[in-house]
Amino acid sequence: TSVLFLTLLLLFLALFPGAFSCCMKISDEISKGILRRVERFEIQKAGGLCHLEAVILYMKGRKFCVNPWNRKVGKMMKMKMKMKMKHKIHRSKPHVRKQRRTRRTK
């Protein structure tokens, strides 16, 4: 029976990889220090396997689940998105006009 249970558990994890990464509770308050050190964030929608709306903040291997309606979190997300867009713009190669090659005739 334990082999059957393990097999079913592995099958469940393969079919639903996000099932155990859902936020089960959220914090309404988050310090500015943590918000400054956020490396990336994800938005968790209510529905499917996760039953709670949340913003998941990642920093140095740690994960924080916060209220998506928190003003400080909303400002941080907007700032991060703007910075990401700036990086994409600056990383693009400048448009360089190629010179036409002219044939030399002998």
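Note that Cβ sites are derived from N, Cα and C of the backbone, with glycine treated the same way.
Remember, it's a predicted structure, so these values are computed and weren't measured experimentally.
Under the heading domain 'Chemokine interleukin-8-like', TrEMBL lists 19-80. Averaged across the domain 'Chemokine interleukin-8-like' (19-80), the predicted model reaches a pLDDT of 89.
For 83-106, the entry in TrEMBL reads region 'Disordered'.
If you look up TrEMBL, you'll see 1-21 marked as signal peptide.
Taking DSSP states H, G and I as helix and E and B as strand, the domain 'Chemokine interleukin-8-like' (19-80) has 15 helix, 19 strand, 28 coil.
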